[in-house]
Structure formats: structure tokens, C-alpha cells
Amino acid sequence: MINQKKIAGEKACEWIEDGMVVGLGTGSTVYYTIEKLGEMVQKGLNITGVSTSIETEQQARTLGIPLKSLNDVTKIDVTIDGADEINQAFQGIKGGGGALLREKMVAQASSKNIWVVGEEKLVTELGKFPLPLEVIPFGWKQIKRMLENDGVETTLRKQSSGEIYETNNGNYILDIINQTFTNPEAWHEKLAGIPGVLEHGLFLHYVDIIICGKASGEIEIIKK
């Protein structure tokens with residue numbers, strides 16, 4: 001059985017050149033990208049990574065990939081990340097792994113953004129996957145109540161233990177569920193204006209290249 005995530009994740013490494021500063025995304029597909037980059041570094045590739053999560057940082061360090069914080073670089077040449085959904089307009093939902101705020105900050109600082117996905121992530125309309133909002137713990141119930149009064153259903157993300165999930169930044173996540181985002185731009189405006197919502201998982205103007213692994217073993221490269 002073809003591992004769509006693995007073939008897409010490894011393919012993205014072909015865009016990495018010696019001397020680059022590389023944004024390292026978070027998730028089960030970009031995991032394979034980082035593993036491959038680790039092999040390339042061991043063979044002499046000279047890159048500097050900027051991680052988007054503690055999980056990614058730990059993986060990269062274990063593999064010997066040199067890292068710097070976002071504060072310590074002036075620009076990022078290429079960022080490789082995964083996605084929960086992406087439509088034909090190159091608009092996507094990210095944040096299933098809880099790293100949306102850091103992922104968006106790293107994407108914003110990048111000259112090029114490459115997303116690696118399996119073919120099930122390509123959709124005609126966003127919304128089957130929950131849309132995460134990173135919110136500060138102070139007053140999160142007010143945000144939830146306000147959204148639900150506006151007809152937007154949300155759920156507070158929790159760990160398997162039942163405890164409230166906390167992001168690497170110490171915040172909570174409200175997931176918008178049972179909602180189709182037919183006008184992502186309007187949703188961006190709506191959500192960005194809510195006090196206490198630090199970031200939402202709509203990525204609308206970032207991705208340049210999609211690398212899609214297919215069950216057949218083919219890899220589709222989709223450029224903006």
C-alpha cells in the first residue's frame with residue numbers, strides 16, 4: 001500500500017538547496033520531509049531550520065538539523081508544511097496539530113511555501129475538517145458564547161485524557177465544527193476581528209506549491 005504522506009513529504013526536499021533557511025512545519029506528512037532532510041544533512045547538506053512547534057524542534061534536533069528561532073533569522077527561503085484541507089484557490093485549513101499560530105508566522109516570513117498532502121486533503125469546499133481558533137484562556141467561554149449566539153458551533157479541544165489541550169504558546173483551541181466556508185475571505189475578516197482570538201486556521205494567501213501524493217503512487221505538483 002502506497003504511503004501518500006511519505007512520497008509527498010520526501011518529494012518536497014527536492015526544492016531545498018545548500019545554504020537555505022528552511023521552515024519546518026508540523027504534522028504527520030511533513031514528518032517525512034524532516035526525516036529526509038535529516039538524511040540529507042548527514043550527507044553534507046548545509047541548511048538552517050526554523051521549527052513551528054516543540055514536536056518538530058525535537059525531531060529536527062534528534063536528526064542533527066541545525067535550528068534557529070524565528071527571531072534569529074531575517075528571512076526564510078522555503079517552508080514545507082502540511083494541511084488539513086486545501087481547495088482549488090490555494091486556500092486551506094491548518095491547525096489540526098495545534099501549531100497554527102507559529103505555522104502562520106513562519107509562513108508569513110517565507111519567500112516560498114510548499115504544502116505536502118495526500119490526495120484526500122484536496123477539496124472543492126473547505127469545512128469538512130474543523131477550523132481551529134487559538135484563543136487566550138482568559139475569557140474563552142465568552143468567545144465561544146459569542147460565536148454560538150451568531151450560529152457558529154464550536155468545541156473546546158481536549159486531550160485524550162479529558163484535560164484541556166494547550167498549545168505550545170499556553171493557549172486554548174476552539175474548533176469550529178459543522179460549518180462550510182464558502183467565503184473564506186469573509187470568515188477571515190470575521191474571526192480576525194474578535195478580541196481574544198489570536199489566530200485562526202484559514203491560510204488564504206500563503207501557499208505557492210502543493211505536492212500531492214496519490215494512492216496510485218503518482219505525485220502531482222500543483223503550482224499557483
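Cβ from N, Cα, C; glycine included.
In Swiss-Prot, the substrate site is described by Thr26, Gly27, Ser28, Thr29, Asp81, Gly82, Ala83, Asp84, Lys94, Gly95, Gly96, Gly97, and among Lys11, Lys112, Lys121 the residue recorded at this site is Lys121. The CA atom of Lys121 (substrate binding site) is located 18 Å away from the CA atom of Glu103 (active site, proton acceptor).
Under DSSP, Glu103 (active site, proton acceptor) is assigned to a helix (H, G or I) in the three-state scheme. Annotated substrate site Thr26, Gly27, Ser28, Thr29, Asp81, Gly82, Ala83, Asp84, Lys94, Gly95, Gly96, Gly97, Lys121; additional same-chain residues within 8 Å of its Cβ mean position, judged by their own Cβ, are Gly25, Val30.
For Ser28 (substrate binding site), the same-chain residues lying six or more positions away in sequence with a CB closer than 8 A to its CB are Lys5, Gly82. The Cβ of Lys121 has fewer other Cβ atoms within 10 Å than any other of the binding-site residues Lys94, Lys121.
For Asp81 (substrate binding site) paired with Glu103 (active site, proton acceptor), the C-alpha to C-alpha distance reads 8 Å.
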